4 protein chains.
Amino acid sequence: MCGVFGAYSPRPEPLLEDVYLGLYALQHRGQESAGVAWINGDGMAKTVKGMGLVHDALNQHELSQQETRVAIGHVRYSTAGGSLAANAQPLVATYARGPVGIAHNGNLTNGKAIAQYLESRGAIFQSTTDTEVIIHLMAHQAHKPPLEALIGALRRLVGAYSLAVLLEDRLVAARDPWGFRPLVLGKRGDVTYIASESCALDIVGAELIRDVEPGEIVVVDEKGIRSLRIPVEPKRHFGCAFEYVYFARPDSIIDGRSVYAVRKELGRLLAKGSPCPGANLVTGMPDSGTLAAMGYAEESSIAYEKAIVRNRYVGRTFIQPTQRVRDLGVRIKLNPVPHLMEGKDVVVVDDSIVRGTTAQRIVTLMRGCGARNVHLRIASPPVRFPCYYGIDTPVSEELAAARMDIEGLERQVGACSLAYLREEDLFEAIGRGRNDVCTACFSGHYLEGKEIDHDLDL
Amino acid sequence: MCGVFGAYSPRPEPLLEDVYLGLYALQHRGQESAGVAWINGDGMAKTVKGMGLVHDALNQHELSQQETRVAIGHVRYSTAGGSLAANAQPLVATYARGPVGIAHNGNLTNGKAIAQYLESRGAIFQSTTDTEVIIHLMAHQAHKPPLEALIGALRRLVGAYSLAVLLEDRLVAARDPWGFRPLVLGKRGDVTYIASESCALDIVGAELIRDVEPGEIVVVDEKGIRSLRIPVEPKRHFGCAFEYVYFARPDSIIDGRSVYAVRKELGRLLAKGSPCPGANLVTGMPDSGTLAAMGYAEESSIAYEKAIVRNRYVGRTFIQPTQRVRDLGVRIKLNPVPHLMEGKDVVVVDDSIVRGTTAQRIVTLMRGCGARNVHLRIASPPVRFPCYYGIDTPVSEELAAARMDIEGLERQVGACSLAYLREEDLFEAIGRGRNDVCTACFSGHYLEGKEIDHDLDL
Amino acid sequence: MCGVFGAYSPRPEPLLEDVYLGLYALQHRGQESAGVAWINGDGMAKTVKGMGLVHDALNQHELSQQETRVAIGHVRYSTAGGSLAANAQPLVATYARGPVGIAHNGNLTNGKAIAQYLESRGAIFQSTTDTEVIIHLMAHQAHKPPLEALIGALRRLVGAYSLAVLLEDRLVAARDPWGFRPLVLGKRGDVTYIASESCALDIVGAELIRDVEPGEIVVVDEKGIRSLRIPVEPKRHFGCAFEYVYFARPDSIIDGRSVYAVRKELGRLLAKGSPCPGANLVTGMPDSGTLAAMGYAEESSIAYEKAIVRNRYVGRTFIQPTQRVRDLGVRIKLNPVPHLMEGKDVVVVDDSIVRGTTAQRIVTLMRGCGARNVHLRIASPPVRFPCYYGIDTPVSEELAAARMDIEGLERQVGACSLAYLREEDLFEAIGRGRNDVCTACFSGHYLEGKEIDHDLDL
Amino acid sequence: MCGVFGAYSPRPEPLLEDVYLGLYALQHRGQESAGVAWINGDGMAKTVKGMGLVHDALNQHELSQQETRVAIGHVRYSTAGGSLAANAQPLVATYARGPVGIAHNGNLTNGKAIAQYLESRGAIFQSTTDTEVIIHLMAHQAHKPPLEALIGALRRLVGAYSLAVLLEDRLVAARDPWGFRPLVLGKRGDVTYIASESCALDIVGAELIRDVEPGEIVVVDEKGIRSLRIPVEPKRHFGCAFEYVYFARPDSIIDGRSVYAVRKELGRLLAKGSPCPGANLVTGMPDSGTLAAMGYAEESSIAYEKAIVRNRYVGRTFIQPTQRVRDLGVRIKLNPVPHLMEGKDVVVVDDSIVRGTTAQRIVTLMRGCGARNVHLRIASPPVRFPCYYGIDTPVSEELAAARMDIEGLERQVGACSLAYLREEDLFEAIGRGRNDVCTACFSGHYLEGKEIDHDLDL
């Protein structure tokens with residue numbers, strides 16, 4: 001998971017503040033590092049990157065002093081490449097044809113193969129991110145103009161990439177032919193923006209124009225906005241369901257669907273498929289299960305309560321799990337509201353189960369507060385397979401649903417009952433067919449054969 | 001606003017971790033500084049304090065290495081005394097009779113008068129906090145045993161104080177005779193705890209025993225728990241309504257009443273008193289208005305939606321209000337969910353209006369997203385007067401409700417309608433009579449005449 | 001060891017920069033902490049202190065923004081009080097009669113007795129420095145004007161103190177009746193300065209006027225410069241010999257004698273008393289023995305060489321003595337110049353021997369470089385007793401000269417011969433009689449009986 | 001100016017501590033950054049680098065935990081490349097044939113030309129240091145074994161380079177065919193070391209074996225030590241005179257000559273060529289002129305005094321030149337010893353004059369202290385031309401000796417007389433002929449024609 005943002009203006013302005021704000025709105029997509037890159041008055045690419053949250057990694061005041069016509073930014077949650085300062089993005093380099101900067105959300109599945117090929121031709125890699133292979137592919141086509149070199153690079157890539165690219169004085173957006181990760185275009189006056197999610201357009205007061213399409217390259221420069229295609233065979237749409245289920249912000253609109261609306265619908269369909277007739281109240285695991293819980297409550301006409309309080313300093317403050325902390329059975333992150341539990345049948349809705357530890361803990365806490373029965377409802381199908389397209393899921397052995405069946409899981413978390421959303425309900429809530437959604441983490445169906453054959457030769 | 005915590009065990013254990021956790025659960029009561037104090041193996045008082053959140057101010061690992069039988073802690077949100085490292089608490093000193101440490105929530109109204117009296121007798125003050133006068137009052141009674149000196153000090157104080165005190169090998173809790181601020185007693189095995197709110201007992205797995213009563217001194221030592229009285233005439237109860245309305249955590253129980261239940265009830269009574277018949281949905285200002293909004297929705301049978309998304313990194317990240325940020329009309333903290341607003345009549349519930357700027361901003365943002373009408377409902381009476389008892393309200397000139405009437409405020413925030421909770425509904429929701437609640441910030445009725453006459457002479 | 005500095009101007013100017021520079025010139029007297037204090041435009045005392053070197057502890061730029069008429073400063077090398085941020089000076093307090101600030105060089109021998117007396121009268125001590133008792137003594141005389149209260153405090157003190165005091169709008173210098181530590185007065189135009197050493201007057205372009213006399217109080221204010229006496233019986237002069245031998249900077253003039261001249265003379269007298277006829281070259285232990293070595297070489301007509309190179313980053317860089325570092329026999333601080341050693345008889349001069357480890361190491365290194373014979377000459381008498389007057393010497397058991405005789409020491413350090421300066425030569429070089437120099441660390445003769453009886457009663 | 005160090009052991013040991021110590025002894029050659037690189041147990045190259053002094057940039061404790069058989073290190077004083085963290089060395093990369101690490105002292109004159117050639121072949125440069133071109137030259141010979149690729153790279157380089165290279169499990173030392181910068185080999189048991197100066201061998205207890213010869217490549221691995229030649233025509237020796245005059249430590253031996261001995265000899269020859277008959281004393285500008293001053297004093301039989309005291313905290317503490325600091329005419333770094341100046345004729349010896357500001361300041365200070373006449377003697381010829389071989393001299397316009405003749409300079413610095421060393425005396429002191437010393441900064445004679453023609457084609 002990462003977030004990208006880009007801005008283009010026909011005249012120099014403090015665009016880096018827009019990028020700073022855009023990244024701030026995309027902070028939920030990556031907290032490990034943040035960075036911006038832009039083209040300076042002298043035509044050189046500049047970049048500032050740092051570890052941690054946008055606020056810690058970047059200095060708003062210094063950024064506000066810069067004027068530029070084109071800028072990009074990135075927030076990173078490490079996937080391929082490990083957690084290193086050297087892997088912070090945007091990646092900026094100057095090659096024989098000038099400066100280039102790239103911010104990348106996604107994960108290439110042929111990144112290593114390309115890197116080996118390039119090393120045999122003299123390339124030296126500085127980072128372990130996939131993104132660097134894109135720049136080296138361009139540098140090895142130094143005889144072509146930069147935009148052609150970029151297109152020549154993209155057509156060799158396999159996997160997930162939503163890119164914001166700085167190319168000379170142009171802003172370029174590109175989305176892989178499968179459309180794994182979201183990418184949108186926006187406008188505010190004559191300033192053009194690209195962003196991973198529409199909530200980042202809202203924060204800069206820009207209007208959502210449309211999604212960048214799978215396989216599309218959008219070039220923004222002084223001549224306006226042009227749309228090109230990545231020259232490969234059209235692919236099946238592999239849009240990620242988890243963006244709707246968990247990752248994206250509820251106020252974003254992805255590929256035309258409101259994330260908020262999808263989440264409530266997931267809850268409603270879950271209530272239809274797995275009702276819980278005698279329950280006294282429905283609550284959501286904060287904050288991931290809240291909207292689905294509200295949908296569940298509406299559909300089932302059971303009262304919705306915000307019955308689990310989340311310490312709002314969690315995330316800023318890390319409590320070490322010392323022996324004493326374990327002994328105290330500490331309610332560090334989550335605390336059930338005591339008087340709501342006493343003698344009640346409670347439905348707890350969460351978006352998904354990964355390792356199962358949080359579910360187990362909350363059931364225990366609720367029983368400790370006097371809940372009579374706790375029913376767990378999950379607003380997505382069981383996650384059984386790792387993601388190779390940009391989401392940092394654990395290996396199968398650590399996925400609770402890959403290790404045991406529903407009864408086993410029920411026993412382990414200590415719930416009276418446990419139910420998952422059906423796959424067809426997921427497609428219905430998202431409003432797309434089974435073949436227009438990536439189901440790899442539920443079904444294990446990854447990119448196959450003809451989807452991935454590419455000729456590397458430069 | 002501040003939070004205090006204390007722990008006593010019959011045998012040395014890593015109590016400082018309990019204090020660390022307790023402060024973490026009380027973090028909402030003060031983010032400016034945090035500190036702990038304890039009695040060392042050699043009988044000396046030790047203290048560690050720092051600026052910022054508990055996690056930044058204190059080192060959990062180092063604290064976990066210490067074993068002690070008695071410890072206290074404090075989180076501070078500056079009121080009297082200004083924002084200085086020197087004012088961080090607990091305040092610890094060694095005077096002629098040994099070590100003493102104090103953590104104080106509240107604000108004395110005769111602090112300055114006492115300080116002047118003591119200076120004429122040779123005292124030198126190191127900080128500008130009220131708390132230091134308590135220690136100097138004790139030091140000037142060096143002929144008495146420490147506990148008597150403490151009682152001699154408390155009976156000279158006027159105003160709000162909920163104290164956790166370290167006195168030789170004892171833990172002492174004390175609450176002013178008016179009971180302004182909350183203070184509770186808890187137990188886990190044979191460890192005794194005191195805390196500003198019961199949510200801090202939950203986090204260490206302790207059971208809530210009871211509230212410390214107004215005017216009570218609770219002494220915990222190897223002989224057990226003793227209850228003493230501050231030797232002054234009994235006073236009227238001045239329990240702070242704002243603890244229920246805004247400050248306390250919803251999972252706390254204060255003076256016997258669930259904060260969660262009070263907040264939902266405030267919303268229900270608000271819906272009864274100020275309904276909004278044709279509205280399409282009710283939403284709360286996150287996070288302060290959420291529970292009242294849910295109560296309002298239930299009472300009025302209008303759908304509740306979480307229609308305003310709060311950036312969960314607000315608080316960790318501060319966006320400077322540069323000219324560009326203002327120009328962009330930026331939705332930094334709050335973003336309405338676009339598809340919920342389009343053509344709708346929306347009720348927005350908040351807990352209170354202080355300066356009115358947030359209310360104005362959210363109404364503008366909602367209209368910008370297409371809301372047809374926005375109705376503002378406030379789950380407490382208008383705040384017109386400053387608080388002298390420990391809450392950091394602005395002076396009257398900055399209080400919106402002190403500067404204009406409801407129609408004026410309606411116009412300023414741009415709402416279709418604006419309504420406040422009636423005072424009697426506040427008392428009903430809290431479940432106490434008008435004379436058992438401090439209404440100073442609504443009514444301007446402060447402590448008077450016979451309440452405050454004390455003889456200072458030592 | 002500490003250094004003090006003060007400045008007074010008839011009109012507000014950026015005096016804090018002068019103090020910053022003065023402290024920088026006195027940095028050799030204390031590297032643990034540094035601080036400044038001054039009277040603000042509003043008549044309040046302000047202070048800024050920090051740990052480490054002047055440059056790290058203080059911010060020159062911020063200090064240069066302040067204008068004031070009176071300011072003091074302090075660099076600290078911990079003696080009494082331990083190494084704590086709370087002990088950094090100047091100590092500043094506001095008591096009933098207004099602000100007072102004190103910077104103190106020296107060590108009181110009745111500090112603890114006074115502190116106990118004051119605690120029984122209600123005083124609370126914040127630090128463990130002697131200096132705080134001076135302020136409390138003043139606060140307990142709140143009925144007197146501040147200057148009288150200061151004099152009333154000073155007459156109760158026993159031990160070493162050279163003070164720079166901030167008193168309302170006055171600058172006050174005071175030196176104890178024994179004159180243990182140096183203190184000088186200087187002038188630049190109509191700005192008056194006080195400083196521990198004259199080198200700190202040089203750095204601000206001020207002229208040395210005279211030494212503050214033992215038992216003198218110098219008051220500088222808008223009326224000019226006044227001289228008062230501490231109202232006690234006159235005492236014998238106890239001026240510290242080690243200021244000349246080691247501590248003071250060579251470009252300082254103390255009690256009328258050039259430190260540079262004294263050091264060379266110590267070397268000359270050492271050569272006369274303990275010659276080394278056949279030696280090929282004389283060198284000094286850098287940097288403490290350099291001047292005495294030059295004097296020794298001149299007197300004995302043996303060539304002087306700078307034959308030991310001191311790594312000039314020592315002090316900034318600390319090498320941990322790991323096992324490998326020990327195995328390598330590492331020449332970290334000091335490296336003999338190889339070609340100067342080969343087959344030579346070398347005289348090494350140092351100012352003193354404390355623990356004897358450095359002497360042992362250098363003799364070993366020189367032999368390793370091929371020196372045939374190494375003769376050690378010490379430009380002061382053997383140090384056998386601890387100092388109670390402000391110098392941080394180890395306890396007797398760690399003093400090499402207290403643990404063994406000269407032959408034993410010769411064997412331990414591995415020198416061919418070892419000789420000390422005779423006591424009478426020390427007096428001759430300083431140019432003062434035996435009764436005008438403190439010889440406690442050589443002879444064990446400390447302050448006695450009638451020197452130290454003071455009545456504490458306030 | 002930079003310093004390099006390397007160590008090879010037949011078995012894993014904590015060699016990084018040796019490198020840490022070696023760099024510490026070479027700290028005078030570079031204070032901007034420091035770094036180490038080594039081959040890990042898994043055969044991967046690891047590197048740790050940081051800004052500032054060795055002590056700040058590196059963590060001795062962490063380094064002491066590592067065992068390795070081969071390690072290199074670098075201290076950097078920025079020349080080519082600017083002051084950037086990205087330019088810190090050693091530079092480490094993994095290319096198609098495995099890991100390589102390089103520490104480089106010197107400056108290539110064809111670095112930019114090589115970089116452009118490589119970029120046209122797909123190379124992307126990460127830093128602005130010359131050193132990176134060496135690694136890219138190797139990567140573009142990925143078909144050859146690493147050692148051959150290194151030799152193929154070196155033969156294309158023009159300019160100054162003394163290298164410590166990490167190549168698989170080998171340590172390689174290489175010195176350019178002109179021998180601009182020093183490089184020595186040492187041994188301690190069966191551990192082999194390379195270092196910029198012999199003082200870095202002393203610190204690890206190693207013995208100086210010999211200098212690496214101009215054009216030599218020394219390969220150290222499990223087979224022992226092999227000597228190869230860089231396959232270019234032999235060149236004239238361009239050994240840098242300034243290493244002796246100023247840069248190197250006095251306890252180092254460079255190309256067979258003691259730096260200490262050369263410096264004293266420079267002083268003696270200066271006294272012969274430019275005597276100063278009536279002077280009362282000779283002193284050196286600390287610390288650069290000290291040894292030459294001692295030589296001058298010996299030759300002329302005038303007394304040597306350490307008459308200028310250098311504040312030993314200079315370098316650690318930076319005083320900003322504010323208006324007040326300028327007004328005070330502050331003696332920040334240097335202070336003449338007052339009683340030595342009064343009415344005296346003083347000879348001040350310095351190693352060189354660059355901008356002339358220090359000379360002017362010291363003459364003014366001495367006159368202010370009462371010196372009657374000040375004579376300036378410079379122990380090297382006038383510096384009129386910039387250095388392109390690794391020393392950070394200013395451009396000609398800022399070189400005092402390039403802007404005016406001796407009389408003009410005399411007037412500007414305010415000296416009674418000013419004299420430089422004659423060129424032939426410089427050669428005599430160094431003990432090499434005019435054609436075996438680089439005189440570019442005195443004479444402007446740089447590398448020419450046939451010295452620098454190299455074929456780049458790979």
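Heads up, the Cβ atoms here are built off N, Cα and C, so glycines get one too.
The Cβ of B:Cys2 (active site, nucleophile) has 25 other Cβ atoms within 10 Å, all protein chains considered. Here TrEMBL flags B:Cys2 as active site, nucleophile.
Positions annotated as [4Fe-4S] cluster binding site by TrEMBL: B:Cys240, B:Cys387, B:Cys438, B:Cys441. DSSP classifies B:Cys240 ([4Fe-4S] cluster binding site) as strand under the three-state reduction. B:Cys240 ([4Fe-4S] cluster binding site) has a Cβ environment of 27 other Cβ atoms inside 10 Å.
There are 22 other Cβ atoms within 10 Å of the Cβ belonging to B:Asp350 (Mg(2+) binding site). In the three-state DSSP scheme, B:Asp350 (Mg(2+) binding site) is classed as strand. As annotated by TrEMBL, Mg(2+) binding site applies to B:Ser288, B:Asp350, B:Asp351.
Annotated domain 'Glutamine amidotransferase type-2' per TrEMBL: B:2-223, in sequence order.
Of the recorded residues, B:Cys387 ([4Fe-4S] cluster binding site) and B:Ser288 (Mg(2+) binding site) place their C-alpha atoms 19 Å from one another.
Within 10 Å of the C-beta atom of B:Ser288 (Mg(2+) binding site) sit 19 other C-beta atoms, taking all shown protein chains into account. Across the domain 'Glutamine amidotransferase type-2' (B:2-223), mean pLDDT in this model comes to 93. Around the Cβ of B:Cys438 ([4Fe-4S] cluster binding site), the number of neighbouring Cβ atoms within 10 Å comes to 25.
Residues near B:Asp351 (Mg(2+) binding site) in space but far in sequence (CB under 8 A, at least 6 apart, same chain), listed by position: B:Val245, B:Tyr246, B:Arg263, B:Met285, B:Ser288, B:Gly289, B:Ala292, B:Ile378, B:Ala379, B:Ser380. Its Cβ placed at the centre, B:Cys441 ([4Fe-4S] cluster binding site) has 26 other Cβ atoms within 10 Å. A Cβ within 8 Å of the Cβ centre of B:Cys240, B:Cys387, B:Cys438, B:Cys441, the residues given for [4Fe-4S] cluster, is found for these other residues of the same chain: B:Phe180, B:Phe238, B:Ala241, B:Phe242, B:Tyr389, B:Ile391, B:Thr439, B:Ala440. B:Cys2 (active site, nucleophile) sits 14 Å from B:Cys240 ([4Fe-4S] cluster binding site), taking the Cα positions as reference. Other residues of the same chain near the Mg(2+) site, with their Cβ within 8 Å of the Cβ centroid of B:Ser288, B:Asp350, B:Asp351, are B:Val245, B:Tyr246, B:Gly284, B:Met285, B:Gly289, B:Ala292, B:Val349, B:Ser352, B:Ile378, B:Ala379. Secondary structure at B:Ser288 (Mg(2+) binding site), taken from DSSP and collapsed to helix, strand or coil, is coil.
The number of other CB atoms found within 10 A of the CB of B:Cys387 ([4Fe-4S] cluster binding site), across every protein chain shown, is 20.
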